[in-house]
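According to TrEMBL, the features are:
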- Gly112, Val113, Thr114, Gly115, Ser116, Gly117, Lys118, Thr119: ATP binding site (BINDING)
- 559-628: coiled coil (COILED)
- 676-694: compositional bias 'Basic and acidic residues' (COMPBIAS)
- 25-450: domain 'Kinesin motor' (DOMAIN)
- 672-722: region 'Disordered' (REGION)
- 801-863: region 'Disordered' (REGION)
Amino acid sequence: MKPARTKTPRKLVVKKGSQTSLKDPVGVYCRVRPLSFPDQECCIEVINNTTVQLHTPEGYKLNRNGDYKETQYSFKQVFGTHTTQKELFDVVANPLVDDVIRGKNGLLFTYGVTGSGKTHTMTGSPGEGGLLPRCLDMIFNSIGSFQAKRYVFKSNDRNSMDIQCEVDALLERQKREAMPNPKTPSSKRQVDPEFADMINVQEFCKAEEVDEDSVYGVFVSYIEIYNNYIYDLLEEMPFDPIKPKWNSCSTPMRNTDFVPPQSKLLREDKNHNMYVAGCTEVEVKSTEEAFEVFWRGQKKRRIANTHLNRESSRSHSVFNIKLVQAPLDADGDNVLQEKEQITISQLSLVDLAGSERTNRTKAEGNRLREAGNINQSLMTLRTCMEVLRENQMYGTNKMVPYRDSKLTHLFKNYFDGEGKVRMIVCVNPKAEDYEESLQVMRFAEVTQEVEVARPVDKAICGLTPGRRYRNHPRAGPVGDELLVTEVVLQSFPPLPSCEILDINDEQTLPRLIEALEKRHQLRQMMIDEFNKQSITFKAMLQEFDNGVLNKENYIQGKLNEKEKVISGQKLELERLEKKNKTLEYKIEILEKTTTIYEEDKRTLQQELETQNQKLQRQFSDKRRLEARLQGMVTETTMKWEKECERRVAAKQLEMQNKLWVKDEKLKQLKAIVTEPKTEKPERPSRDRDREKAPQRAVSPPPVPNVPPLRLRHRRSRSAGDRWVDHKPASNVQTETVMQPHVPHAITVSVANEKALAKCEKYMLTHQELASDGEIETKLIKGDVYKTRGGGQSVQFTDIETLKQESPTGRKRRSSTVAPTQPDGAESEWTDVETRCSVAVEMRAGSQLGPGYQHHAQPKRKKP
């Protein structure tokens, strides 16, 4: 049975910017420039080599009521006011140049407000070169002896390079040298004294590792981004004298001026890298040539005089140094003519225009438009950094707005993992720039949290290293072989003279034969010795081969064991990956379930809070209702207690009156029986009777010859409306003169829905016994309203009271004729005393208490 063939493991393809690649944060450095005047107020202080502190100026404390605090910001490294350009270059730019020589890309840009020293940091000043000339000097010091001849590498319009043979390169050189104004600068020309001091770098700097088996070429380009348009600063536009040229002020331009260059477009090459289409790339062979090209473009860069800076950059400038590397062929003589083996690395040095506030620069017209475009592009850069940080920190996948600005669109590949990114934050410590410096520090703080994928190392061509010097004679093993041959020849005995002058000479030939025999013997001895040494050496080689073979077998066994271990680890890794995926799936399900439960929990908590609030309201309403009912019960109890006391007192008085009447009758009867007289009996005085009982006022005699009164009905005040006259069946008919009379009224003994539905007014006739024993009639009136339930409700509005009293304040009573008083005054007793009807009208809310309300419910229908 054949062993099962194992499947070749698939090679993992690491995508650009993938999660598996290592990432490094953007290196952000801070450089503090010196103050222009020693007596200026300073708002920035260097705490240590990684921290700066911002102090709020005194003016801001007065204006802002002292709300600002001292703030500290950390950087990868802070360079103070006494830092030299060499120290800054060694820390920031040296590693980038070393990576460029190794085939990796790099981006270095300066950021800060206007007048903070960005251009000085990048370009430098006479006697103190900046980062740009020092980078060029380090590159040419490293590849100086390995540079290819001019025009061996030739750039095309697709952001790549072509290789030419030596003959084509020679023809190209002769053709360019024959041109009257060659575009490529010559290394034989004298350096322009205007920038000679800038490139005169005293310190020698060189990369540590340079591939000696490759040839190199350096190409530079220089562009600017002005008002969000890209312009080539190295493009030469021929002037046409026939067609007049006009500038932005609609005035003819001078003949000595060049036509402004046309804006360039951004393209994407086959490797998805962004580049400027049609940009001029110049091949340079020395630092002087490269800086001469830069200085030629620098003169075309747009600068202007503003209120804050005499030479303020009005555009973003980008100086690209492109290093082309190609391996030598197997013989080490010529460049390998394979385009796929070319390695192109690029270092972009960006001098950003300063962010500025127009109310400070006093910008107007074109300067105002330029400031707006500068601030907009810097704001887009900041937005891109914030989105990148958010995507990396929180795992989101928001689209980064690279295309909103040409600046961010051009360098999007660097933030996607095409090279290292370094930023130098330049700040001016003067107090007037406090707010701008604060914004710069916040942007730097955000940028430090952005991570960029590490660039992948270049592939090895596979040719034998050291082939450049293989075919060149050097003092080494070859010289030693020649020396050994000379020593061997000198060890042989010298040959005697071979000249034969006489025919009979018999000594010369024998001496020659003897010398040759000695040489032959010596040669034979040397051959034997050589054979012995060869055999010994062969034995040693055989022993060495055996040892090497044993070591190879041992190493092969170890490799097999390691491969088995690796296979087992791969299987274990696959099992763990599957388990990891399963656990991730379960975790995802649990997270979703947890989310659902949390939502249900929040919903139930909200419902519980709502119910608790509802219960609290109900409990509060209940307590208020209990308090209200308690008050009503107390009030009703007191009212009925008073009513009961009043009724008991009235009943007692009534019984006393009845007992008094009976006593009077008994006395009168006794007087009639014992002393019969023809005279009218005199009513006994109450004063005598009240010796035992309380005295009562004597009723006056009836008014003589009073004509009979005609009964007159009292008209209700609201007789115009239709009324319900509710007279309970228990009411007693009174004999008062004034009686209520309501025309067109519906008289009922019990209130009902039918009667209330037809009327607008309601009157209840209520009778009760007064405290003096008389019947008191109350007419309780109200308005009829319809309710939502379909019934009617009555709202009482006022009360009219009809009460009968004696004019002298005596209570009415019936008695027989009393005998004549002893003092001669006559009093006449009648059965019915004179009555006087008094009508008293009372409003709701009087002493009778609150108004009454009656609700008539609709009748329930029979099922």
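Even glycines carry a Cβ here, placed using N, Cα and C.
On the structure: features taken from TrEMBL.
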| residue | record | Cβ contacts under 8 Å, 6 or more apart |
| --- | --- | --- |
| Gly112 | ATP binding site | Lys118, Leu352, Gly354, Ser355, Val425, Cys426, Val427, Asn428, Val440 |
| Ser116 | ATP binding site | Arg33, Gly354, Cys426, Val427, Asn428, Asp433 |
| Gly117 | ATP binding site | Arg31, Arg33, Cys426, Asn428 |
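Per-residue confidence over the coiled coil (559-628) averages 92 (mean pLDDT, predicted model). Around Thr119 (ATP binding site), taking its Cβ as the centre, 25 other Cβ atoms fall within 10 Å, counting all chains. Other Cβ atoms within 10 Å of the Cβ of Val113 (ATP binding site), summed over all protein chains shown, number 22.
Counting Cβ atoms from all protein chains shown, Gly115 (ATP binding site) has 23 others lying within 10 Å of its own Cβ.
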